[in-house]
Amino acid sequence: MAFLEVSVQCQERSQARYEEVLESFGALAVTLLDADADTVRERGVFEPGVGETVLWDVVVLSALFPVETDALGLLAGLEGAEPGLDWGGVRFRVVVDEDWERVWMDQFQAMRFGERTFIVPWNQAVPVEASGMDAAVVRLDPGLAFGSGTHPTTGLCLRWLDRLGGDGVLGGGDVLDFGCGSGILALAALKLGAVYAVGVDNDPQALLASRENALRNRVAERLEVYLPAEAPVRRYPVVVANILASTLVALAERLAGYVAPGGRLALSGILRGEEEEVLRCYAVWLDVLGCEEEDGWIRIDGVRRC
């Protein structure tokens, strides 16, 4: 299916007015983009506060219209719709809708983390290098949930779990994956020796993806998933939390409380520059063993004090 895409650049303060006009002319969807993307001025917007909408200083609005829309007629209408809005830089182009799931699966390839952990798309063969070794192979279809192994925060956690598995820390114990997404970390822990895993996420779609991936990996009877309010109150020898730094800070007492005395905790999803605040919040409970960084993202790991 094809669409007519209309793109216009504006200041953040006038974004809502442009969006309202585009929608009034029948826009099927409006996407907001950073006008400085892929430049040195690019600025990440990760997590707004409650009731807050955070945008870039200069925004590109990209609106989709039916492909048969008369572009010149639409432009004339936009220019006369509301005084003060500048449509001089508007751009039109025809875009073709793609099977994005197929495109993504074509790009998602098997990956290795650490010594023996492999994340393999569910529809691909296990890599040759995984044969002949005690590989921990996780078959994965993330669906709509976060966690395919391609993001640095996930990779940092997978390498940590791989190391724990190699050191025998996971053997015979339980693991909590807080912010489980697709279930990738919980499943990796099970494949690396954990007996049982619990996944917690505030997104019901993530819980569904975790269950489906557990079935795909034949460990469904060893994984339970919960919304945060329903998660059992207990302690675990190993806890991993791959969420945002602000959430790690807000939930510090709760997350530390999940870790058994002498247990291991990994905190990920931390941008460079945010680690000091996270370390400060966990200092009362955690003896830090180390930090690892990849592409500006940091993982902190430590041991819960007795």
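Even glycines carry a Cβ here, placed using N, Cα and C.
It should be emphasised that the depicted structure is a prediction, and the values quoted were computed from it without experimental measurement.
As recorded in Swiss-Prot, the features of this protein are as follows:
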BINDING   T154, G179, D201, N242  S-adenosyl-L-methionine binding site
Mapped DSSP class for N242 (S-adenosyl-L-methionine binding site), helix or strand or coil: strand
Three-state secondary structure, D201 (S-adenosyl-L-methionine binding site) (per DSSP): coil
Cβ contacts of G179 (S-adenosyl-L-methionine binding site) (under 8 Å, same chain, 6 or more positions away): V200, D201, A241, N242, I243, T247, G269
